[in-house]
Amino acid sequence: MVVNTIHWFRKGLRLHDNPSLKDSIQGSDTLRCIYILDPWFAGSSNVGINRWRFLLHCLEDLDASLRKLNSRLFVIRGQPTDVFPRLFKEWQINRLSYEYDSEPFGKERDAAIQKLANEAGVEVTVRISHTLYNLDKIIELNGNQPPLTYKRFQAVINRMDAVEMPAETITSEVLKNCVTPISEDHDEKFGVPSLEELGFETEGLTTAVWPGGETEALMRLERHLERKAWVANFERPRMNANSLLASPTGLSPYLRFGCLSCRLFYFKLTDLYRKVKKNHTPPLSLYGQLLWREFFYTTATNNPCFDKMDGNPICVQIPWDRNPEALAKWAEGRTGFPWIDAIMTQLRQEGWIHHLARHGVACFLTRGDLWISWEEGMKVFEELLLDADWSVNAGSWMWLSCSSFFQQFFHCYCPVGFGRRTDPNGDYIRRYLPILRGFPAKYIYDPWNAPDEVQKAAKCIIGVHYPKPMVNHAEASRINIERMKQIYQQLSCYRGLGMDVYIWDSPPFDLRTEEASRMRGETSSSNLKKSRRFSLQAPLTQRICLTHGNSLNPEVVVVVVVVVIISIPFIFFQLSNFREWAGAYHPLCCRANNNKYNCCLFVLFFLLLFVCFKIAQ
Amino acid sequence: MKRGLQGNEQEDGGGTSGGCQKTLKRSRKQRREKDLEDEEVRWECLPQEILLHVFQYLPLLDRAFASQVCRGWNEAFHMPELWRCFEFELNQPASSYLKATHPDLIKQIIKRHSDHLQYVSFKVDSSRESAEAACDILSQLVNCSLKTLGLISTARPSFMEMPKSHFISALTVVFVNSKSLSSLKIDDTPVDDPSLKVLVANNSDTLKLLKMSSCPHVSPAGILCVADQCHGLRELALNYHLLSDELLIALSSEKHVHLEHLRIDVVSENPGQQFHTIKKSSWDAMKRHSPKFNLVMYFYLYEDEFGPFFRDEIPVTHLYFGRSVSKDVLGRVGLNCPRLVELVVCANGLRPLDEELIRIAQRCTQLSAIGLGECEVSCSAFVEFVKMCGDRLTQLSIMEEVLVPDHRYGLDDIHWE
């Protein structure tokens, strides 16, 4: 029987370390590599032009590489669920392969395709190659719960089997007799489209700072390793003015699109470390970037609400502001803080910013200054950032906004000081905000403080040519830190360095008594549940919390009062004054002299007490 | 309704636990013999106490659903115990992602439960409408006696945006009617001196906690009046501009109970602001009167405004520097803050903080928690610091970027806590 195979590219846009492609080639007579592009989606989605350009570069590069193997890439327009039944029939397909996608949306889509394939009698080959490990195994090893702190994650990773070696690169030897039927009108029908065809305006578009594609990725990997070998220092380089700019050795967008295999990167790093450090076992920190990525994939894989606050079990519910105007100012780089605006401009122009710059702008938007939901920031990054992956992007935003993964909230990046420390001269600002070029270094991070003469000399009047700062950072950060504290106080198990977090947590204000915490359950029960989960893995040492117990439980009070009241007649009785007392004060019993009357009196008395008790209740 | 109550009374008459056991035994027998209907009866007969207990664990919404099951449960839904504590959440869809407390529920609470309310807080988003709604509710709480009241802005301080007179009149209603207010949290509100006088006139015997950071309409004289009259005050939060020698003397008078917490926010409104000083003798008086009190200070100042601070010994226990603070000031902290327990430095200049940290470790023998943000510390100084603090350091939080590797230690050598 003739075996006709389709390999479906989504991520993993490469020929090296592509195990699903390699496995599907074995025993196949024909192979068609396809990429499905939804042209309607292209125009309307919130993926920006830089990301589309990067993707198209990747596809062109893939097509070029396949051409060298006498094959081609088939770019197909449409929706996967519509496309596949048609292709299965048209090309008489009996085998389909693709890379495993761990994200909830991807899993859902793949399940639908798998079903279609089964119905059409097509065998499906799926392999994991976008992540270092099988994420389900990590979760299994952690007691069927995704680890919620990076530390915990590292501990689990240490117990995992070694990372699998990268699969053999697809070459003509691997392909052997497997051919790709190519028609005359291939370019017309299956060619890689241009940005214009997708409906983008390309006039005035500068050349890409980050050209996409596997070839570029492998070249960068070589350079990256060369530089590491040269420096012989495997620590994360300290941030300086230079590290803010796009580096020709940067790899993150290539890992995102799968132009570079994370496993290849992993093993190359290991080899280099062994060579330089003479066979020492490399520490986990060597793979920091890769492991963080892995961590976010793991936490997101079973959580379809990972990119939302609402309904997301690991996200702290924070009462963010809704403020479209402020959001737009941030997204378009009009905040009036040159440091923030320069970063956002770089992001929009080039599609990449340094990770500490990400911290800066994310903190500014969320917990630091504007108090706007991280979801909004995530959407902007989704549009502009080349390496924004659903899991990694949402995870980073939750982390930076202190919504999950427990970061310390005591510190807000200062939108003036942080930049000044990184690049005291302000060249970075001048590069991306040419309007401020004339300002001296002294004022370039806070131009609104510059005297009028300086502003005039710089040919830039603040409030006219460049906006005034949209918030007073000192005031905003003070308020926001208070807000954060309020929220974390409710997560009763949080034991961070929260200054006086526990101090105001005293009764009667927040009612630490048992009764009250039950009461409070009505509004924050979900939070408490959550916090219990956090507490198991709270990264910091436990602090003995001051619990004040000076407000009395009302039930106890009632019982004590009742006991006291009941004991009074007994005392009287014992003193054998009871009859006299009763006679004197109870008109009903004034003639009570014998035992029968005594008993009656007693019963009456208790009944009275009981009624009182009921009323009191 | 009556039937349900009677049933409960009968059971109570026979002693709560005994009655409960009886019902259970009976039902077990019946279950063996008979059908489902009896089980429903058993649920209905659940003693009110137990029902209350169950209800206390349920979120409000679930309780509301449960209240529709039967009259007994509906009765339980309205038990005063369940309405002592309530948090009003006031959000507008245009400015918040969170749901608000339903207006009908608010109406019902005011109608049926306002006299049960004791611990009340209002969580308000950044819109003025929400703040006004909160004040409208407040001004209807006429026949209730609150013990705690919190006005909490969850995003921007929206109480500041509403007309002051409206706010004051609403707050005064509570002050006048609740004669036993013990905790009051009114940060970021336009509360003023006259309204504080009303508070003092009606609640001076019970007030224990007053939190009023960033209330610009209060003057030092206004807060002094509170300190003079409310001798039970144990926790107080205010801004530095309200702090005076007189206030500290008043708080440390013989009639006054020991203060437990004093929190002070030092905020600069405009660059180059001049701050007054507090005499060492006033702090000493405070320390003598309340030897265990926590003094929490938050600084949001520009570097050049620190002039008057930390010149003399100050009994501060928790220090937070929200903006950049100079090496010089941190050096003075090491010299003059012997009671320091927690220290957070969010940012510092470009020079490493080595000597300052070591000095703090030496002189602040109580220090047990430290957090460092955008600063620089050399690895060896950091290791030295941790060694000196030893076991008493329970909280350590440092950004990785803070540590500068030096000839003795690289980053790899430092183990993270």
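Cβ coordinates come from backbone N, Cα and C, glycine included.
Please treat TrEMBL annotations as automatic predictions, because they have not gone through curation.
Taking a C-beta cut-off of under 8 Å and a sequence gap of six or more, A:R293 (FAD binding site) has these contacts in its own chain: A:T131, A:L255, A:C262, A:D389, A:V392. Residues or ranges marked as FAD binding site by TrEMBL: A:Q289, A:L290, A:L291, A:W292, A:R293, A:E294, A:F295, A:F296, A:D387, A:A388, A:D389.
For A:3-132, the entry in TrEMBL reads domain 'Photolyase/cryptochrome alpha/beta'. For the domain 'Photolyase/cryptochrome alpha/beta' (A:3-132), residue counts in helix, strand and coil come to 60 helix, 29 strand, 41 coil, using DSSP.
The site 'Electron transfer via tryptophanyl radical' annotation in TrEMBL covers A:W320 (among others). Taking the Cβ of A:W320 (site 'Electron transfer via tryptophanyl radical') as centre and 10 Å as the limit, one finds 28 other Cβ atoms among all the protein chains shown.
Non-local contacts of A:W374 (site 'Electron transfer via tryptophanyl radical') by the CB criterion (under 8 A, 6+ apart in sequence, same chain) comprise A:M309, A:W320, A:A362, A:L365, A:T366, A:W397, A:M398, A:L400, A:S401, A:S403. Summarising the annotation, TrEMBL assigns site 'Electron transfer via tryptophanyl radical' to A:W374 (among others).
Taken from TrEMBL, the feature site 'Electron transfer via tryptophanyl radical' covers A:W397 (among others). Secondary structure from DSSP puts A:W397 (site 'Electron transfer via tryptophanyl radical') in a helix.
Per TrEMBL, transmembrane segment is recorded for A:556-576 (among others).
TrEMBL lists A:597-616 (among others) with the feature transmembrane segment.
Among the recorded positions A:Q289, A:F295, A:W320, A:W374, A:D389, A:W397, the ones with a Cβ under 8 Å from a Cβ of chain B are A:W320. Here A:F295 (FAD binding site) comes close to A:P147, A:Y150, A:F153, A:G395: these same-chain residues lie at least six apart in sequence, with C-beta atoms under 8 angstroms from its C-beta.
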